[in-house]
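For reference, TrEMBL has these:
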BINDING   His21, Ser38, Tyr110, Val111, Asn112, Ser127, His197, Pro198, Glu199, Thr214  iminosuccinate binding site
BINDING   Cys84, Cys171, Cys263  [4Fe-4S] cluster binding site
Amino acid sequence: MDIVQRISQLKEEKNAVILAHNYQREEIQRIADFVGDSLELCIKAKETDADIIVFCGVDFMAETAKILNSDKKVLIPEIKDIECPMAHQLPAEVVRKAKEEHPDAMVVVYVNTLAETKALADATCTSANADRVVNSLDCDKVLFGPDRNLAYFVSKRTDKEIIPIPEDGHCYVHKKFTVEDVKRVRREYPNAELLVHPECDPEVQDLADYVLSTGGMIRHVLNSDKKEFIIGTECELITRIKLELEKTGEEKVLIPLRKDAICDPMKRITLEKVERCLREEKYEITLDEKIIKKARIAIERMLSVK
Ligand code: 13P
Ligand code: SF4
């Protein structure tokens, strides 16, 4: 029996489901029951009737699955160096302090945050729904963090005052994209559409044809009549889109905006680790019950926004 067959057998024996983010390695995407963006993964995690959720992604994503399923066993195949650095840029104390300074503001935090931070928010959001979540709130002022670039994206789509917390929250992968990169690819591929993630710097967003979540990019490429696309996000999204195109047999040209846009924590998960995770049932995500209760309210509020 090979490793893929062993994973499949263990999954069946234990009534487990494997959820994976769009940035996971190809072999993980291929064995996952569902691959998606942060919002789609939240929805799947909430809906599943499996007893065990194996989450192939970074720390905050597995925590979110646990918050939505506190009675289920949520496992992550690796525990070391699996943190999304951005999620650690907005500690709960910073939110508490900002709330004291702006008592009339509501708090929206990106799902790329730790559970303690989510517990202090009125609502969470993802890159797929940040503007809709902010616009759904009954207030004029919103404390928004940690991603300063997502805050910029939202501020262009709302009349509310957006106050970024902290000042300089960012994703080290999307920070790599520059105006020079955009000029170079536009020169080399004049017919291609440029799709970038809202975690990119404002000047890069402003030069793009579309600013989309990873799930939004996939849908855009699959539904477009165009043939060439430059992908301004983590490189593995190209693998993800290619796997979708394989199903239809359609040919499209996908060019990375930069070849070194790699999220290292996302790449820590391997087939061997998934197999061990299912066999030994580790590493289990555990969170304080009070934090779970409060954070769930903020996530549920996001999920209720259509
Ligand atoms: P998406 O929700 O668009 O998949 O983004 C998650 C993420 O971490 C992007 O860096
Ligand atoms: Fe975090 Fe950036 Fe990696 Fe997304 S790409 S998980 S924001 S470090």
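Quick reminder: no glycine exception, Cβ is built from N, Cα and C everywhere.
Automated prediction, rather than curation, is the source of TrEMBL annotations.
Because the structure is a prediction, the values reported are computed rather than measured.
Distance between Cα atoms for Asn112 (iminosuccinate binding site) and Cys84 ([4Fe-4S] cluster binding site): 7 Å, as a whole number.
Within 8 A of the CB centroid of the [4Fe-4S] cluster site residues Cys84, Cys171, Cys263, the other residues of that chain are Val58, Pro85, Met86, Asn112, Tyr172, Val173, His174, Glu199, Glu234, Pro265, Met266.
Residue pair Glu199 (iminosuccinate binding site) / Cys171 ([4Fe-4S] cluster binding site) shows a Cα separation of 7 Å. Comparing the Cα of Cys263 ([4Fe-4S] cluster binding site) with the Cα of every entry in His21, Tyr110, His197, these being the binding-site residues, the smallest distance points to His21. Candidate binding-site residues: His21, Asn112, Cys171, Cys263. Those with a Cβ under 6 Å from ligand 2, in sequence order, are Asn112, Cys171, Cys263. Most buried of the binding-site residues Cys84, Cys171, judged by other Cβ atoms within 10 Å, is Cys171. Each residue contributes its Cα atom, and for His21 (iminosuccinate binding site) and Cys171 ([4Fe-4S] cluster binding site) those atoms are 16 Å apart. Here the binding-site residues are His21, His197, and the one with the most other Cβ atoms within 10 Å of its Cβ is His197. Other Cβ atoms within 10 Å of the Cβ of Tyr110 (iminosuccinate binding site), summed over all protein chains shown, number 29. For the recorded site, His21 (iminosuccinate binding site), the DSSP three-state label reads strand. Of all the binding-site residues listed here (Glu199, Cys263), the one with the fewest other CB atoms within 10 A of its own CB is Cys263. Asn112 (iminosuccinate binding site): 30 other CB atoms within 10 A of its CB, across all protein chains. Secondary structure from DSSP puts His197 (iminosuccinate binding site) in coil.
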